[in-house]
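Right, one structure below, let's go through it.
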Amino acid sequence: MNPKLLLGSHISLNKSARYLLGSVEETIRNGADVFMIFTGPPQNKNRVSVEDLYLDEALELARKNNISFSNCVVHAPYIVNLANPKPENQDFMVDFLVEEVYRTHKIGIPYIVLHPGFHVDQSLEEGIKRLIINLREVLRRCEDKNVFICLETMAGKKNQIGKTLEEIADIIDGCDKNVKLGVCLDTVHLHDAGYDLSLRKEFFEHFDRIIGLERIKVLHLGDSMNVKGSKKDRHANLEYGRIGFKILMEWAYDPIFRNIPIIVETPYWREGKKLVSPYKHEIRLIRNRIWEPIPEEKYIPIFSRFNNI
């Protein structure tokens, strides 16, 4: 029997579905244990108060279905860039991330995933230094909140920070009060950044040496449209990309990820002009550890390596 994983996906949070209540309902429909959400639009700071997110109703439905918010994940907004060099933007970035950590804590979720940012108009070293200064301030203001800020490993497109484990380690080591800093590993980003995911044992030995395995708090699981080292960050459905289902299952079922939320991040399928969620199908495949193709008489994957080799 396959060990039980904490499996879920990125879930929408919207008014028409009654916010968090709808997120839990979608999680149940997908046969999942956990979910990841934005607490509001990822590209702006418009937010509905936590009191209006149907939190109590969502918690009750989650409890009845053995879903614990203590295993779920929030993703920080994409517009947060703590490495931004413009003085007029830095206070906004820090304040906004602090607000997001507070909201995450109030909802009862212990993990918020953060893209380290971009070193725009400055060197990588200057960008990391600025990021550390601002992240220290966020950590200082949030030290009484039960939330880990999880730095996500990035693909390395353009001037992204966090494309190597060394960069992630430098950020963590640069923050003196770093007990609330974790890491979110993303299989697509690691592959596109140049890591060979078939060398899992060697990867984790290296990670443990320079960061520490105890920092791993979240796994983003997906296949990649691109060849290793492309630095492009384009996700594919499981087995339809260049990583492959077998290697992804070796990662998902590695004991390191036992009791760690695994968030499936793959593209929606096409059904005519509509886009359809793949997550119920893919979560079932992961549970069974047996791959089955998308039912292509009805759905079409956004990308298939079988047609692009």
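Every residue, even glycine, has its Cβ placed from backbone N, Cα and C.
Curation does not apply to TrEMBL; its annotations are automatic.
Of the listed candidates (His119, His206, His220), TrEMBL assigns His220 to the same Zn(2+) 2 site as Glu152, Asp186, Glu265.
Binding of Zn(2+) 1 is attributed by TrEMBL to His75, Glu152, and within the candidate set His105, His115 the record adds His115 to that site.
Residues Asp233, His235 are recorded by TrEMBL as Zn(2+) 3 binders, and the candidate that the same record lists for that site, out of His189, His281, is His189. DSSP classifies Glu152 (Zn(2+) 1 binding site) as strand under the three-state reduction.
Rounded to the nearest whole angstrom, the C-alpha distance between Asp186 (Zn(2+) 2 binding site) and His115 (Zn(2+) 1 binding site) is 11. Excluding His75, His115, Glu152 themselves, the residues of that chain whose CB lies within 8 A of the CB mean position for the Zn(2+) 1 site are, in sequence, Ala76, Tyr78, Val113, Leu114, Cys150, Cys184. In terms of Cα spacing, the binding-site residues His75, His115, His189, Asp233, His235 that come within 10 Å of Glu265 (Zn(2+) 2 binding site) are His235.
Of the chain residues outside the Zn(2+) 2 site list Glu152, Asp186, His220, Glu265, Val113, Thr153, Cys184, Leu185, Thr187, Val188, His189, Val218, Leu219, Leu221, Gly222, Ile263 have their Cβ within 8 Å of the site's Cβ mean position. In this structure, His115 (Zn(2+) 1 binding site) belongs to neither helix nor strand by DSSP; it is coil.
Note: the Cα of His235 (Zn(2+) 3 binding site) and the Cα of His75 (Zn(2+) 1 binding site) are spaced 17 Å from each other.
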